[in-house]
Amino acid sequence: MASASLYQRELAAAVKAASLAARLCQTVQKSILSSDVQSKADKSPVTVADYGSQAVVSLVLKMELPSESFSLVAEEDAGDLRKDGAQDTLKRITKLVNETLSTDSTYNISLSEEDVLAAIDSGKSEGGPSGQHWVLDPIDGTKGFLRGDQYAIALGLLDKGKVVLGVLACPNLPLASIANPDRDASQDQIGCLFSAKIGCGTDMQLLNGSTAKKIHVSTIENPADASLFESFEAAHSMHDLSSSITQKLGVQAPPVRIDSQAKYGALARGDGAIYLRFPAQRLSEKIWDHAAGFIVVSEAGGVVTDAAGNDLDFSKGRYLDLDTGILVTNKKLMPLLLNVVQDALKEKSLSTSLL
């Protein structure tokens, strides 16, 4: 069991950083303007909120932990914001960052556009097996964000290549389980923050600061009773493969498709029992897409592996070295899930080779 005081300052800083970044994202989501979405080379929408969130997290971590050497592995860089034609976007981001930080009475600063660009660009670290590195996805699930749906600010800390803490701020996730289709959504309290520290379990609270409570993954042992999470975006997961796996498992409930690492949070509190991610184009999985979710589920009693049953290795730099996909479930279901996944992958490989 890890010492309760170990990483406590870092966890408090991470909670504060992710909560303030979530506040910025909520402001933008309420008033998404056509100029707020830029196109990146891989066609995923990048928003003013994406850049603003990264700047806020970077700045807050540095202010809260001034004596610590700072390394951040993050999704965005400020290259596009330095180009001609980006001045209005940069002005808007700088204004948002300043307004967001001013809502916290402990900060009395006014940042220039150059300060904001530097904060965004501080996320260029490569990570790796030595030292400490923060890992950030400033908006995980940008397409969900643009639809007004699920997204997460996902922040983790690596120490010597291991994830030692993680925070998921999920502004649109209800506090109540999303597994019950008959619930009265109008009664939901919306906005969850999940936090986990190695050896200390996983907590959940309302984003606006209610008392945290310990959460635990589902204890379901019979796969027929399990519900399953998948990525909303087809490119992120081969839904046909997932469907074959669920049939073999005998899962009765239809899959719940939601964006972002909000799935990890929902699974950590028992809303569903299984999450499958099989990227359609064998995408290279980035560490920021899984680091925070991984520890949130692991500390809640769950297991996260690749399709061969290997632990996820966050020590290799900005990418995970994975076999085929990612499986997340509880300890009782994992052996069966692994067997079924490997059978389904063999069948898929055989049918592909016969074409």
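Cβ coordinates are placed from backbone N, Cα and C, and glycine is handled just like the others.
TrEMBL does not curate its annotations; it predicts them automatically.
TrEMBL annotations:
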type	residues	note
BINDING	E75, D137, I139, D140, D289	Mg(2+) binding site
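Less than 8 angstroms from the CB of E75 (Mg(2+) binding site) sit D50, Q54, G123, L136, D137, P138, K286, W288, each of them six or more residues away in the same chain. Annotation for D140 (Mg(2+) binding site): same-chain Cβ neighbours under 8 Å, separated by at least 6 residues, are Y151, A152, I153, A154, S260, Q261, W288, D289.
Residues near I139 (Mg(2+) binding site) in space but far in sequence (CB under 8 A, at least 6 apart, same chain), listed by position: C25, T47, A49, D50, S53, F145, Y151, A152, I153. For the binding-site residues shown (D137, D289), fewest C-beta neighbours within 10 angstroms: D289.
The residues near the Mg(2+) site, meaning same-chain residues not in E75, D137, I139, D140, D289 whose C-beta sits within 8 angstroms of the mean position of the site's C-beta atoms, are L136, P138, G141, T142, A152, A154, S260, Q261, K286, W288, in sequence order.
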